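For reference, the structure discussed in these notes is given below.
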Amino acid sequence: MRNFYGSVFFALLFCAPMLQAQTDRRDEKRNVKQPPKLIVLDDTQRKSSSPQDVLGQVYNLGQNNQLTPRKQSTDNLGFSQQEFQQRHQGIPVEFAISKLHSKQGIPQAVSGEYYPIKDLDVTTTLTNQQALMRAVNHIGAQHYLWEYPDAAAEMDGYQKPTGDLVILPMYNGDEISTYKLAYKFDIYATYPISRGDLYIDAKNGDALFYNATIKHANSFGHVGEPMVTVSQFEDDTTYDNYTSIAMMASGTAATRYSGSRTIETQLTGGSYRLADTGRDVYTRDAKNQAPGGTYPYINNYDEFTDNDNNWTTAEHSANKDNAALDAHWGAMETYDYWQQVHGRDSYNGSGAQIRSYVHVDNNYDNAFWNGSVMSYGDGSSNGNEGNGFFDALTSIDVASHEIGHAVTTFTANLAYQRESGGLNEGFSDIWGAAVEHFAKGNGSDTNPTDEVWLIGDEIDRRSGSAALRSMSNPTSLGQPDTYGGQFWQNPNCGTPTQSNDYCGVHTNSGVLNYWFYLLVEGGNGTNDVGDVFSVSGIGMDKSAKIAYRTLNNYLSANSTFANARAGAIQAAKDLYGAGGAEEQAVTNAWHAVNVGDAFGGGNGGSNYCASNGNSVADEYISRVQLADINNTSGAGSGGYQNHTAVETDLAKGDVYTITITPTWTGTVYSEGYAVWIDYNQDGDFSDSGELVTSVAATQNTPVSGSFTVPTNASDGATRMRVSMKYNGVPSACESFSYGEVEDYTVNIGSSAADTQAPSVPTNLSASNITETTVDLSWNASNDNVGVTGYDVYQGTALLGTTANTSAQITGLSSGTNYTFNVRAKDDAGNVSGASNTVSVTTDSPASGGGCVNGISSFPYSEGYESNLGAWTQSTSDDINWTRDASGTPSSNTGPSSAVEGSFYVFVEASGNGTGYPNKQAILNSPCIDLSATAQPNFTFKYHMYGASDMGSLKVDVSDNDGATWTTLFSETGNKGNAWQSATVDLSAYNGSSIRLRFNRTTGSTWQADIAIDDVRVIDGTADICAGVAPYSSSQSYSTGDRVTYQGNLFERTASGWTNLGACGSSFGITNLVPQAPPVNSTFNIYPNPVKGTSLQVDFVSQKEATFTIVNMLGQQVAKGNLSNTLEVGNLESGIYLLNATIDGQTITKRFIKE
């Protein structure tokens, strides 16, 4: 069955291969440097006189850190929440919101984020205005919403940002690496469209982090879910005020997807319009205007009207007008769901309007929330299966999913990246399913119909595709149902960007989706890491309330799946009591998706042995303290308590002290104690060193013991057992008469920095020497943590890096002497000394062919960056090759990005009978003149990822201008989700004129998008560096420029540098990663906007530079020789383009004159 398109609603964008799950892993890894998320308070902390005292004890506040009140609320369970903003030296710390949870005035727990910042320098170098200029330049848009005050006023009163000074925690993977003083700007660009919070370093102007508000809104087919990640303006502006002249009415609507429904309308001017003033829900006609530029439809819209309030199909199906009825009814039902089920007044909790605009753009496969309003496209389909991608995108699950993002903004405010972003997407899917079930009543509470669990099923018109996502079977549509399992994307994939799906947010949401499905309906089986699970469902109503309480009460901006587990367990306890069916189902459903253990009962978890005291009538464990664990509890039923939802981080090599406090109900007895930690995570406590401390029987209270975490302990979450036994030291799996056993979770990680370099590689030797190549090999180095690679040097020039203990050096000149050495390095960046040096002289050469007006200068390269270059589509095949710069339209096939530059070419295999089976696509090369070559080779990168029967890719050659063809290269089937390299020897055609072609034949499936990039013809005898100047840091380079750098030839592309091979020939280095020159950008203008009379220009030029300034009508208003200061005081207020010609290169910058 067809899965996702990469360009639709919950787009799957892959950033890294699937993580290999460890079968003994029970919880996600958490670094010791992460701030705690949920802390249960002890009796002493609960008796503190003020909330600040409680938080001060929990966080051990330093002198320069303060917590200031933010807001307070009380729910229907009697719980109150007080929120506090952390400030360091008076400056807000971004994401650092702490929540104090109390019941009946007594503090119970603390959740949220706190960062132990010490003495950060909070002096700024840049002003707000300078930082805004850097932010605008970083975004690089042509227009911004603040340029259009009328439209901005309709977007909740959006204004040009002035920049809030904040302290931004910087994450390196899942740990905090440092803190930065930054200006935070809400940048709303309208052409091209984007919105998000951009953080600019207040000292050096670097862009530190972009937190997207709108996602994928410019990509065709992306139902970009603009993620609202920051609080929007909350004002009392009334955008619709018809109540004084119009009457509310109830009408009947024949919706496009949900049958006949009752809707609320307004009678005005003799007709009814889609306006529900009771709920503040309004639905308008965007008149097919595109969302870019000024959002024209916000002010320039039509009303959908009906003359008798009976909105029939006959009247409103033309032009898909009945889709507006779904949008209106869906918004009404979404409002009612939050009000009736969760007691929440609209998405922000205070009655915000819900405005929807239907008929956005033409054939627009998109629907998104931009922080203020909903925009719906009509889709590219006429409504029939197999026609286009989507029908009008107004189904109720789409609407409630999008509005659910706004709910997340005003509750946990989950950052749109990594695991928190995956949770954000998952919660919106949960609300999509919950609202659909609420509104349509499909199935029962404990057994909703199958359609409830399909997201986007009503709008999907792709051939053979049932929906966008399946919550009940995520893997069927390319999502993981197991943390770390099949389809899981690495959330620590590097810098989160739109191109890598912010490290898998749309993909990894499948884990939360499946957790929720199991919580509602139950299920049993074995997950991807081998865990056997069994979940008894508790129904939609209870499950949704637990999910909402988790989101609203216990999660924060950077929460992980493990934090969601702890919060959900606590939410279940709050709502339905500890140890009940609800807590058990929540815990077991998390276990089913590989986040934490199953509910322990009396066995301490599914894999660990049972241990308990048979009676706690006289004594029990009342408090355990270790690092962030400070847990107070009463006597456990059956002498055992599972506290694995309570956790802390421990660093390998560090010393810790655990303190245990007993409680005696009467007589004080002698008690013995023991503590175990399963360091190697094998499900028992029997290994050497896992008994970390023990105390002989004593009446002392409390008792303590210290231990050191072994450096060879396994990273990640594992079990800690605490046992207290009457009159003796207990064993790990013992059932004894009197006392108690408690289990906890500890997360093992690393602490001290690795400063030890690997040992020097030895016995470097050379073999298989030819005219242009040599094979090097050496003995492996050792390292205290692990060797990650070897740097290979030619003389003093670094050629590149390999993970192997051998490398083939290619591209050498014949009859030439070279010297090589090797250095080892580790993950911390430590580099060993150099190996022994080996001297090599390549073999002497042999000899050389013609093509009129053909390619005769080598190396020749084509990356398809602007078009197909000199390559041409065949007219005798079935389908064409297509240029693309991101993921192909189908999921689980094709690359997510180019391997060189920005573009590649691929064959779209979608469409039974059109794209497959057995459809041929041919791309012909220009004529290639090999009359003067000696060792010509054809090299290219290819990507073959998809189904096993995806068809074939061939490279054919013709030496008679296409009369006959000979196959030189052939591959079939799935080669994995990575670019592959190929080299085809053309030496047999020396002295000839040839043509090459890529010959693609599709197989029997749509999941077969094969791609080509980085095509080259090279000759082993040419010195590709001849006549090319070396790289200069003071030089400004543009696309197509070539330089030599560290013994290699590089060509500038739009995204950086591409290595063309080693100097001395046109070959590259096998298995090595060459070092590229820095990306030099030396042309900047400031301030922007210009308030005074001078525009400053930073540039470097080898000769005289010139400039022109044109207005937005294309009229030239100034010109001359370019200098570092341009006088613009005589220009009228407005937007201008500065065109600078520097060393033959023209650079254009946009600026605003105020």
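Cβ coordinates come from backbone N, Cα and C, glycine included.
Annotation source TrEMBL lists active site at E402. Taken from TrEMBL, the feature active site, proton donor covers H506. Positions annotated as domain 'Fibronectin type-III' by TrEMBL: 760-845. Sequence annotations record features per position, and here TrEMBL assigns domain 'MAM' to 854-1027. Positions annotated as signal peptide by TrEMBL: 1-21.
Taking DSSP states H, G and I as helix and E and B as strand, the domain 'Fibronectin type-III' (760-845) has 0 helix, 45 strand, 41 coil. Note: the Cα of H506 (active site, proton donor) and the Cα of E402 (active site) are spaced 13 Å from each other.
Taking the domain 'MAM' (854-1027) as a whole, pLDDT averages 87 in the prediction. Note on H506 (active site, proton donor): other Cβ atoms within 10 Å of its Cβ, all shown chains, come to 28.
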